[in-house]
Amino acid sequence: MRIGQGFDVHAFGEGDHVMLGGVRVAHGQGVLAHSDGDVVLHALCDALLGALALGDIGKHFPPSDDKWRGADSRSFVRAVAGMLAERGYALGNADITVICEAPKVGPHAQAMREVIAADLGVDIDRISIKATTTETLGFTGRREGIAALATVLVERS
Ligand SMILES: Nc1ccn([C@@H]2O[C@H](COP(=O)(O)O)[C@@H](O)[C@H]2O)c(=O)n1
Ligand SMILES: C[C@@]1(CO)OP(=O)(O)OP(=O)(O)OC[C@H]1O
């Protein structure tokens, strides 16, 4: 059994939605990013890569590579899932926390769990999505950006 953790932040910018856990969430702003800027999936990928000491998301999908411009971050999750499987590992469980004042994550948490479970090929009860504000403190509190934390356990399959 191995453990991994991931963290990602994107600044809010122009737009009318954010992608969170592969789900399009209506919001008065978008995020600035090379890909679709899905902090949930980026933190998850980093946690999975970290669990197997495979580097980080930027090593595998460099922001300097035009191939990933506007990319659907679900493609990163599926690619990372493949790396795990190749090495004989499968997800034990993932626990993810989204940090922002808005949008509200709770109403979308179940849909995010379904997307992530499907992309990792695991039962939904292995995927947890939580959210918190920072009580108006810091960059998330000022609504300048959105952050996510992910912790995973991976097990020999
Ligand atoms: N973006 C968010 C933030 C919070 N929630 C839900 O609200 C609860 C209370 O948040 P506090 O930061 O005031 O503790 C939190 O436990 C979440 O259930 C949310 O859905 N989306
Ligand atoms: C996802 C990648 C893809 O180029 O770019 P961004 O969408 O900017 O996201 P970030 O988490 O800042 O960096 C990781 C990159 O791999």
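For all residues, glycine too, the Cβ spot is worked out from N, Cα and C.
Note: TrEMBL annotation is automatic and uncurated.
Listed in TrEMBL for this protein:
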BINDING   Asp8, His10, His42  divalent metal cation binding site
BINDING   Asp8, Val9, His10, His34, Ser35, Asp56, Ile57, Gly58, Thr132, Thr133, Thr134, Glu135, Phe139, Arg142  4-CDP-2-C-methyl-D-erythritol 2-phosphate binding site
DOMAIN    1-154  domain '2-C-methyl-D-erythritol 2,4-cyclodiphosphate synthase'
SITE      His34  site 'Transition state stabilizer'
SITE      Thr133  site 'Transition state stabilizer'
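Sitting within 8 Å of the Cβ centre of Asp8, His10, His42, and not among those site residues for divalent metal cation, are the Cβ atoms of Val9, Ala33, Gly37, Asp38, Val39, Val40, Leu41, Ala43, Ala147, Ala148.
Taking Asp8, His34, Thr132, Thr133 as the candidate recorded positions, the subset whose CB lies under 6 angstroms from any atom of ligand 2 consists of Asp8, His34. A 10 Å cutoff on Cβ-Cβ distances gives His34 (site 'Transition state stabilizer') a total of 17 other Cβ atoms nearby, all chains included. Looking only at the recorded positions Ser35, Thr132, Thr133, Thr134, the densest Cβ neighbourhood within 10 Å occurs at Ser35. In this structure, the C-alpha atom of His34 (site 'Transition state stabilizer') lies 25 angstrom from that of Thr132 (4-CDP-2-C-methyl-D-erythritol 2-phosphate binding site). DSSP assigns Asp8 (divalent metal cation binding site) to a strand in the three-state reduction.
Comparing Thr133 (site 'Transition state stabilizer') with His42 (divalent metal cation binding site), their Cα atoms are 19 Å apart once rounded.
For ligand 1, the nearby recorded positions are Thr132, Thr133; that is, of Asp8, His10, Thr132, Thr133, these have a C-beta under 6 Å from one of its atoms.
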